[in-house]
Amino acid sequence: MSPLHLQKTLLLLPLLFLTLLHHSAWAKVEVQVEESVEAYLGDSAQITCLYNFTDVESEPRLVMIQWFVRVSGSSSRIRIFYGDGDQQIVDNNTDYSGRIEVTSDGRESKLSIQDVRLQDEREFLCQINGLSAGNAEGRTHLRVFATPEAPLIEGVSSGISVTNELPSKVASCETRNGFPKPNITWYRNGSPLNSEPGHVNVLILVTRDSSGFFSVQSTLEYKVLKEDKDSQFTCELSFFVPGAIRTAESSSVNVTVHYPTTMVELWKDSPQGLVKEGETVELRCQGDGNPPQPFTFSREQELDVDLESSHGDVLTLSPVSRKDSGIYQCRPLDSEGNSDVKGEMQLTVHYLDPAVVVPKESEVMLRGEELTATCNALSSLKTSTVWYKDGKHVGTGNTLHLKDATYQTTGEYICEVTVPSLPALHTSGSVNIIVQGGPQLVGSDQDVQLEEAAGRTVNLSCEARGRPLPSLSWSLSSSQSYQEVVSRSNDHEALSVVSVLVTADFSAVCNASNDLGTESKTFSIRAIPRLTSATPFSPEGSGIIIVVIILSLLLLAILGSVLYFLHKKGKIPCGRSGKQEITKEKTTKDDIVVEMKSTTKTEDTVLLKAVNGDKPNDQ
């Protein structure tokens, strides 16, 4: 105790003595405090100490309040505050000098601690001295909380084999700087993992640094199964906070699980669809083991011969032929004689041989004959055959029938063979058909009748087909002369056009002939006198024609007037209500006949006459 405190105490002794004499009965003091107070690291904490006196006459007027803290790991205590009716003193040279503040109002004393530290996790004592009423104290435990860092999980990088007899390390989880000590729980696919001998082991390492913070490291050892290749492992951190428990979950990790191959699959990776000769085929083999194992390939027909693979799991065949068809197998390289672990598949290489056409190349036939051509191509699949001539479809199927051959039958016939289920397979063949025979004149009329004005020139055309190529010649009657203006031919057609000056009626004969026959065509030409030579054109003749046309129109107008007049007189009934009849038994002078005739001439004649031969009267 300091000299100042001692002096003040000596001064208070007489007062205390008088107070004791004044009371005839003794008073008693009671203290109430909280069992514990919680606060975050760095925050402020407040501890309240309630007190009262039980006295039949009166309460003492003098109270001394002291606050103490328990020394960690010891039963001793250190005072940190003293107060009475005259003074409030915070003790020096303690951990709380400058960090605490005490307020009292006669019923309670409140201790406020600023900047709470981990060392403040201890017991605080509130002591009330009521002099004649005695003294009492209350004890409160201050709990300090520091939120730890988020959990950090790390999975093992190497693979774990399912054949390991003991649990293997799967992952580790660590958290730092927590207070009080946090806990770590492991989860697999969301389900907690508890320690289980021979299957699950959890190793915990707890450290505390010089500042008092806890760090926890947890290691999970687990006996993996093949199903764990897709499992997700997480760790969950649980820690205390004022009035509650909180959790924080780590990210998930997946471990590589090694397990032997128990099933193998072999399939054609390329090309897609059916395989044809000449393509490159890749067969791929895959097993369910991990890590993937290389494979050996073989054919069922040659099991003792291993086929070379380029990447361990792919067998390349290039280019393939029908001989490569068969059953292929693959086995893991580490199968250790387990022949049941294998994959196999049937490979079929499809083909289409070149088309064979009968007859070959070319065939000569006579006009009117028949011919049957065939086109066949050996294939592993169903084929379709179509025949074409000059780009046009002429037949379907492997057989082509040609009946009653004509010169139009001549030409190249192409058969195209395709495989509907594999369009990439196709082939073709051809045959050249040559039709021979006597000449055949083009045109349906063998005798042609023509009329032409005398003095003009007429062109006569004659075209013939045949093989061998026919020759064309002309013969004219009446010593008519002609001039050939067109003459052309190809391998089986000939054309001749002659020009003849018409002076009189004549006939012309076109003769077509070759080694196999002769055919002719006759042209009969009748000469017509030209109008320009018999009646020369003159303005007077043209005028006469115009006058005749005008007179005809006038007569038609007069006829219309007469008919209208007769209708007005009632001699011609109008519809069925008319009262007059017209009979054929009588005729009068007033009956008029109009006759219009046309001749082969270029002029029209209109004749108007009376039935009695008299001239009609003008109306």
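Quick reminder: no glycine exception, Cβ is built from N, Cα and C everywhere.
These figures come from a predicted structure and were not determined experimentally.
Here TrEMBL flags 1-27 as signal peptide. Residues annotated as domain 'Ig-like' in TrEMBL: 14-143, 148-256, 260-348, 354-432, 439-524. What TrEMBL lists as transmembrane segment is 543-566.
Across the domain 'Ig-like' (148-256), the DSSP tally of helix, strand and coil residues reads 5 helix, 62 strand, 42 coil. Computed over the domain 'Ig-like' (148-256), the whole-number mean pLDDT of the model equals 95. Within the domain 'Ig-like' (439-524), the DSSP-based counts of helix, strand and coil residues read 0 helix, 61 strand, 25 coil. Applying DSSP to the domain 'Ig-like' (14-143) sorts its residues as follows: 15 helix, 65 strand, 50 coil.
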